[in-house]
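Working notes, beginning with the structure itself.
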Amino acid sequence: METSSISTVEDKPPQHQVFINFRGADLRRRFVSHLVTALKLNNINVFIDDYEDRGQPLDVLLKRIEESKIVLAIFSGNYTESVWCVRELEKIKDCTDEGTLVAIPIFYKLEPSTVRDLKGKFGDRFRSMAKGDERKKKWKEAFNLIPNIMGIIIDKKSVESEKVNEIVKAVKTALTGIPPEGSHNAVVGALGNSNAGTSSGDKKHETFGNEQRLKDLEEKLDRDKYKGTRIIGVVGMPGIGKTTLLKELYKTWQGKFSRHALIDQIRVKSKHLELDRLPQMLLGELSKLNHPHVDNLKDPYSQLHERKVLVVLDDVSKREQIDALREILDWIKEGKEGSRVVIATSDMSLTNGLVDDTYMVQNLNHRDSLQLFHYHAFIDDQANPQKKDFMKLSEGFVHYARGHPLALKVLGGELNKKSMDHWNSKMKKLAQSPSPNIVSVFQVSYDELTTAQKDAFLDIACFRSQDKDYVESLLASSDLGSAEAMSAVKSLTDKFLINTCDGRVEMHDLLYKFSREVDLKASNQDGSRQRRLWLHQHIIKGGIINVLQNKMKAANVRGIFLDLSEVEDETSLDRDHFINMGNLRYLKFYNSHCPQECKTNNKINIPDKLKLPLKEVRCLHWLKFPLETLPNDFNPINLVDLKLPYSEMEQLWEGDKDTPCLRWVDLNHSSKLCSLSGLSKAEKLQRLNLEGCTTLKAFPHDMKKMKMLAFLNLKGCTSLESLPEMNLISLKTLTLSGCSTFKEFPLISDNIETLYLDGTAISQLPMNMEKLQRLVVLNMKDCKMLEEIPGRVGELKALQELILSDCLNLKIFPEIDISFLNILLLDGTAIEVMPQLPSVQYLCLSRNAKISCLPVGISQLSQLKWLDLKYCTSLTSVPEFPPNLQCLDAHGCSSLKTVSKPLARIMPTEQNHSTFIFTNCENLEQAAKEEITSYAQRKCQLLSYARKRYNGGLVSESLFSTCFPGCEVPSWFCHETVGSELEVKLLPHWHDKKLAGIALCAVVSCLDPQDQVSRLSVTCTFKVKDEDKSWVAYTCPVGSWTRHGGGKDKIELDHVFIGYTSCPHTIKCHEEGNSDECNPTEASLKFTVTGGTSENGKYKVLKCGLSLVYAKDKDKNSALETKYDMLIGKSFQETSEGVDGRVKKTKGKYVMPVEKNFQETTEGVDGRVNKKKKTRMDNGRPKKKQRSGRDDNQTRMQVELQEGNINSVIMHTVKNF
């Protein structure tokens, strides 16, 4: 017997450079597919597990991780649902611990802290998945360590194509720093032998990762590429390795120039020397004079004017230093072409208008960081056999340093020759405060800041990872104006004390810890300096909030940030506690463990007559604020951000108060809130979140003054009946979801882009709806009073998504032309005629009891990719579907009898995955089933051709699947058996260059007709035995059914599942290594049925089948050549159904001796027909065969051959054989 294919990995494992760890259901067909393509275009060999239901067995995947050099760990929302992802992550951590793997974490629409600390739904899914698993602790360690590596963040504002390029660049950079396997500089060798890669008698250089840095810098200085004089700036944060890089550059390049000079420590020298000494020092180095004078430069100028010079200036810190050297720099630029000047600084602004290009020194990658740390931690004993015992602790220090070379050097030196107990103790101390030697490095840059910049730096540390606009707004309302705040952020960015990424302000962890240390030192001195309090132990003492030691210290408290999740005991707050805090700007009582901030038990006891005279407060966050209103003495004159979720408030404050700076208000789930009158003067308000304020009935008319309001969330305000007439010109997002008493929607802004009216009581849209020319999303789901959609909706030229699900009384959809409409959801409506919109890509008509047929013109909807017809119980037939349709879901169409012939047009070049689902279509006629199977066969054949032609079958993936009621394996499957297991023997060269994919089939029966499931998946695991008797297992999906939207359903009838997957990667490797060898292969297949993540014992595989699919030979002119694998055995069964479906199948058997020549049939355009044999087995016994006449068939063969129907000719030939 014979089967599909897979190559062995034990014999010749593929040398993958990059392994991608990701959750397939989230990212496979979007982000990851683009990333894989980009990596391959850059000649980077990448491995991914290609199947959603887990393609490879875990041991194979773990082996792939070990064989890889780099891992991309992509954390997405549903990552922790998969135990496979987490076990891969555990392996990744182990390999990085051993120093054999570089991990690059990618946070896909997640915060790194969410992953690291397992917060929110991400953490909830992990705890649910890992419940009761003894490996939970190890997994948590992996989540704690891997996300701490400097990674790449992709949020909602990111342009994914740009992020893909950034990842590819990071991978290429990492690969260049990884020595070839077997070289002396490989990580394993470097960790085991301090002399690896060094010449005899030479001490190994104490830095790592400089080779690629030097190469990148040299590219910017290239004398062949850039003929003129060139000035390059080398920039980066303090301690990042600029000085080391420049010394290496100078050492390498000085021999290329007749005159060269290196002036280092310019920052320090400028403090002890007059600035006019700098040009004298430089000129002296260039001219080789001991005491040159700038006043008399004629001789040095004339001497050097015709020479190419190299000048390296290190640690430039002020504009005055540049100005002092300007005359000489200008002279160099005017001199002979080919000179090079390199200026290193930690202040990017100093290079503006001076340099031709800039090189930014980045953090070290994980591998270089580990090597550098180990070099200094074991500097006198590199061959220490106990080094492996320190590996886990080493990882902790490396993660702490986050690729910062100086920190790695300092920490390694402090731990050299120390015991493991000392290492553990040091790690605990670092959690409290950074090393003084690290602090001193940053202190130099901090001391050079102005007072305003220092305050801005320390304030930003309190709000890192927040939007830049938000941070600048907080700073602008402090001692700085708007322009000054923006200038402060830019200055700190230029000095690399902060950085902006995707619109957010970030700060390196070491700088963040440094900022806290600065505040702590300020408190421990005389108490006269303003400070910010982060640690709860500094805020709460003895069961009371006791920040104050005296009035002077209270007056200098600038911020209080209390994490309520860390408050274990009941704590009392005195009514006069804040009375002396006149300078308090930031007050936050929050919960870091619950992002939605809803589960906290409020352990802070607050008196009713609390005094809150906080005139200077800019940010007020108080989770579950217990009072009905803010105290009367509260003055919001400088308030920018007010967040009081789940509060007991009825109104903000009594009367009107000036709020000229207020921009963000969040009062979500304040269920007693009934008045918003306090916001009547908040004319600069931009975001207002009132979700879940169930008592709120109306908006004040004064809110029409909010001309800057862009976001208004009223979701779940169940008492809200209407909105006042107003024109909020900046409003872009309006959410009224679940406002069940809201009856009439007035047009309150012409600029709305996203409008959510789902679950409201509105019965019609406003008459002037056509004014919403920027509207992109309109959601009216579950508007049960809505009876019609006005034709003027067709005038909304920007509308892309229209959701009308469960609008039970909606019977007619107007004939409109919305040229950009991509998504139309009409499920649960009473519409009788399907609308035809040429641009629609996703159309949902499910749960419609009125539609009995679909329009024939649907085949012309070339953009339609997803058609949902689930539970359309009156639907009796479907017409031909368009060629680009990727998913058809007709589950539960109980009246469906017929389908079009052909079912859908197939484009010869299409490569998209497609799924056609007909589960629980109990009245489907036999002719319809035969057309579905015929379509599946044609689809497999054309897909094999397209994949081979357009990507050479490089990427293995599931390309087509279908399922429908039935009990037989289609006749075009070459191998069939009863039961769930199939054993085959494949002939020599079965894996030749034309093998494109594998077609699989399983007949599944439900043992308990009353059983209900939400998901059903059929997978096939097959093992291939090669000539060395080793087995390789490979798993791929056959087909699946999922009940979307929750709930469960019965699968009562037997169902046929057919799936086609492109050639697996392991087969490709086997093919490349053994294409000329003649090796028979044994294979076995096992089909299983799972519900969710575990095998479902209530479902049984009755029959199964296999066919290998081959693409046409590129040297032939036929449109397609399909060849079938054949069996070495005694049984024979023919295939007699052509591609066009016109030839009916017959079954039978011949019992033939093994020594007979059984040859496969492959028909080309030259008309030559070779013999082919095919076998069908029933429990290992051959079935009986009835022979058919040959004369009519011979005539038909000639006609078919003339018409180019090659596959029909093949089937006839086999039949007559």
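A Cβ is built for glycine as well, from the same backbone N, Cα and C atoms used for every other residue.
Pulled from Swiss-Prot, these are the features on record:
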ACT_SITE  Glu88  active site
BINDING   Arg23, Gly24, Ala25, Asp26, Leu27, Arg28  NAD(+) binding site
DOMAIN    14-175  domain 'TIR'
DOMAIN    211-472  domain 'NB-ARC'
REGION    1161-1195  region 'Disordered'
REPEAT    581-606  repeat 'LRR 1'
REPEAT    614-636  repeat 'LRR 2'
REPEAT    637-659  repeat 'LRR 3'
REPEAT    682-706  repeat 'LRR 4'
REPEAT    708-728  repeat 'LRR 5'
REPEAT    729-749  repeat 'LRR 6'
REPEAT    750-774  repeat 'LRR 7'
REPEAT    796-818  repeat 'LRR 8'
REPEAT    819-842  repeat 'LRR 9'
REPEAT    843-860  repeat 'LRR 10'
REPEAT    861-887  repeat 'LRR 11'
MOTIF     1170-1177  motif 'Nuclear localization signal'
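Most Cβ pairs under 8 A with the repeat 'LRR 8' (796-818) among the ranges 637-659, 729-749, 750-774, 843-860, 861-887 are made by 750-774. Of all the recorded positions listed here (Asp26, Glu88), it is Asp26 whose C-beta has the fewest other C-beta atoms within 10 angstroms. Sequence-remote contacts of a segment are chain residues at least 6 beyond its ends whose Cβ falls under 8 Å from one of its Cβ atoms, and for the repeat 'LRR 4' (682-706) they are 659-676, 712-728, 730, 735. When the binding-site residues Gly24, Ala25, Arg28 are compared by the number of other C-beta atoms lying within 10 angstroms of their own C-beta, Ala25 comes out lowest. With Glu88 (active site) as the anchor, the candidate binding-site residues are Arg23, Gly24, Leu27, Arg28, and the one with the nearest CA is Arg23.
Around Leu27 (NAD(+) binding site), the C-beta neighbours below 8 angstroms that are at least 6 residues distant in the chain are Ile74, Ser76, Tyr108. If one looks beyond the repeat 'LRR 6' (729-749) by at least 6 residues along the same chain, the residues whose Cβ comes under 8 Å of a Cβ in the stretch are 686, 691, 707-723, 755-763, 765-766, 768-769, 771-772, 774, 779, 785.
Proximity of Arg23 (NAD(+) binding site) to non-local residues of its own chain (separation of 6 or more, Cβ distance below 8 Å) is seen for Ile74, Ser76, Asn78, Tyr79, Glu81, Ser82, Cys85, given in sequence order. Long-range neighbours of the repeat 'LRR 7' (750-774) within the same chain, counting only residues 6 or more positions beyond its ends whose Cβ lies under 8 Å from a Cβ of the stretch, are 715, 727, 729-744, 780-790, 792-793, 795-798, 803. According to DSSP, Leu27 (NAD(+) binding site) sits within a helical segment. The list of residues near the repeat 'LRR 5' (708-728) in space but at least 6 beyond its ends in sequence, with Cβ under 8 angstroms from a Cβ of it, reads 663, 668, 683-701, 734-746, 748-750, 756. Per DSSP, the repeat 'LRR 11' (861-887) is made up of 0 helix, 7 strand, 20 coil. Secondary structure of the repeat 'LRR 7' (750-774), assigned with DSSP and counted as helix (H, G, I), strand (E, B) and coil, comes to 3 helix, 3 strand, 19 coil. In the three-state DSSP reading, the residue listed as 'active site' counts as helix.
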